[in-house]
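Single-structure report; data block below.
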Amino acid sequence: MDEIVTGVEHYLTENVPVKLISQGAEALVFETSVHPYNPNKTDETYIIKYRPQKAYRHPQIDKTLTKHRTLGESRCLAKLATMSGINAPQLIACDPYNGYIWQSKIGGLLPNGEFSNLKNYLWFNKNDPYSTINVENVLISVGKQIGILHCNQYVHGDLTSSNIVLEKSGLNNWIPFLIDFGLSSYSTLVEDKGVDLYVLERAILSTHSSFAENYNKWLLKGYESAYNEFYGAKSSELVQVLKKFEEVRLRGRKRSMIG
Amino acid sequence: MYSCFTHLIPTNRTATQSSTNKTKYHKLSMVNINGIKPKNGSYYLCLGLEGSANKLGVGIIKQSYNPDFPEKEFTDTEILSNIRNTYISPPGEGFMPRDTARHHRNWIVRLIRESLDECGLKDLSAVDCICFTRGPGMGAPLYSVVVVARALSLLYQVPLVGVNHCIGHIEMGREITHAANPVVLYVSGGNTQVIAYSENRYRIFGETLDIAIGNCLDRFARTLKISNYPSPGYNIEQLAKKSDRSKELVELPYTVKGMDLSMSGILAFVDRLAKDLFKGPKSGNKKLFSKSGEPLVTVEDLCYSLQEHLFSMLVEITERAMAHVGSSQVLIVGGVGCNVRLQEMMGLMCRDRKGMCYSTDERFCIDNGVMIAQAGLLQYRMGDVVQDFKDTVVTQKFRTDEVYVSWRD
């Protein structure tokens, strides 16, 4: 761990001071106030996402994966920036061979001091009966984000409540941002979108089990509204995706469990 | 055919829970699992019968009864006997339900006798409860074992406990390794799940979207006509060790989908490579052979590459689940869990996260009767026993998160 951080500091040189803010599953996330090529911007903070070499993986697998994912994520972020309606971090710089991505910072703190991702937000609001309407609005707009992404023929690939960050706007309103596009890809296949929805549903079920049913209902409501806006009401695209989603879900349930 | 021993069992589940003093013990607020007195007053004895797949396992365990010290986190299980007999099918074939069930029927009485002899018990009348696998698994083998469990229960007037197979694996792993609250990677012939405990259930965070890892390895072994003794996965592991590491790795698909993964595509891909390899340079895939017709990759290389790819995916989804729930412990259970390479990779991942990796050896990883006894006895001590024989019907589909885990909080 510590050697990895030293390695990062060595790579970035002492001109770019960094602070480790979190250790995700595959990447270390650092914070810095330095813009890589615009010396005039000094008042903002940026995120440096670094995918370290994984000791457990065969070096050959590791190298291809790191390059593929960093490059894929950078491309995806660049593409998303050109689409209207999608909230995602802005790409600033990337180095796919070494696994670095430089992007704009999003998210702040919840009233309880936790980082403002959807997971912490839902946990924070779990015991507050008055928050239902806010939670519903947030989840509908999250669903809408995913819907717009799918309408633009992109799939996220790793939708969990940790990978959705909320940015505060106004007193009680939060705007969702999608992050972590390492597993995302361009895909016109209905199958991929169905799997994407299924992965999210399962993540909600396991992490927020007490209210999962409502949460998923709201997410889907937002998702449908995005399709209705993009393709018009009752579009065949939406029907196909939802049918596939049902199919993938059924596939999961039917799985025989022997062993 | 309904049970006649309902009067034997105090059904005081509420009484058990209300006696839990949650404020008195500062260490960890734990559930009191001493609500039901053992038969002999000082310790529990329990017989576990497992036969959900091709292994038939019989185990007898002993747990101490500490009504004065209920704050113990683990149960101090003593294993009195742990016997297993595996149905081995010929190379190139899997085990069929009918043949497996016949194997179980042939062996089960002998195994129980042997098990009782090992512990010096005359018969089962001293045992507190008999635990059997209720599911998930193959129907016919499950059924042949539960019939024996019912018969024994009636013969000796001992209550029955139906156990979820996956919960058995998890509880055994926790008891052996003393991992308090780990993320569990459950990998076996029929299951690939990443599980974490929350609010009285073992919740599934990641899972295979199609076939299980053990199934993938077994079927690849069938293509290669590798022996099924002692197990196809073990033989693949040994072949992989002989692979030439200086060569380039055979590239296979890598299919992680969030915290889930998919393995059917990899199997199809590597199967085709293996078949092309057998066909020879004339009709097989030309890329696999040099210009002079020498094969560039060997069967050993394929095994090594398959293992590296599959296990990387497993470790990756486990790491994702760890980051998602904020845990630093991992416990590997299930038959594939005794693969040394998988344990090594998981250990390396945990080292980089400053966490701990727990795993067990072949005796407890591979299906066994002791794990059914362990989980079943915990259920029994919480008052969760079969009241009526209609509740002993076995089921092929029984998800891990369906079980209410009353013995943890």
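Here the Cβ of each residue, glycine as well, is placed from N, Cα and C on the backbone.
As recorded in TrEMBL, the features of this protein are as follows:
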BINDING   B:H165, B:H169, B:Y186, B:D367  divalent metal cation binding site
BINDING   B:Y186, B:V187, B:S188, B:G189, B:G190, B:D218, B:G233, B:E237, B:N339  substrate binding site
DOMAIN    B:79-373  domain 'Gcp-like'
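In sequence order, B:H165, B:S188, B:G190, B:D367 are the binding-site residues among B:H165, B:H169, B:S188, B:G190, B:N339, B:D367 whose C-beta falls under 8 Å from a C-beta of chain A. Averaged across the domain 'Gcp-like' (B:79-373), pLDDT in this predicted model comes to 94. Ranking the binding-site residues B:H165, B:H169 by the number of CB atoms within 10 A of their own CB puts B:H169 at the top. Between the C-alpha atoms of B:Y186 (divalent metal cation binding site) and B:G233 (substrate binding site), the distance comes to 15 Å. For B:N339 (substrate binding site), the Cβ neighbour count at a 10 Å cut-off comes to 25, with all displayed protein chains included. The Cα of B:H169 (divalent metal cation binding site) lies closest to that of B:S188, out of the binding-site residues B:S188, B:G190, B:G233, B:N339. B:G233 (substrate binding site) sits 20 Å from B:H165 (divalent metal cation binding site), taking the Cα positions as reference. In this structure, the CA atom of B:S188 (substrate binding site) is 9 Å away from the CA atom of B:D367 (divalent metal cation binding site).
B:Y186 (divalent metal cation binding site) carries a strand DSSP state (E or B).
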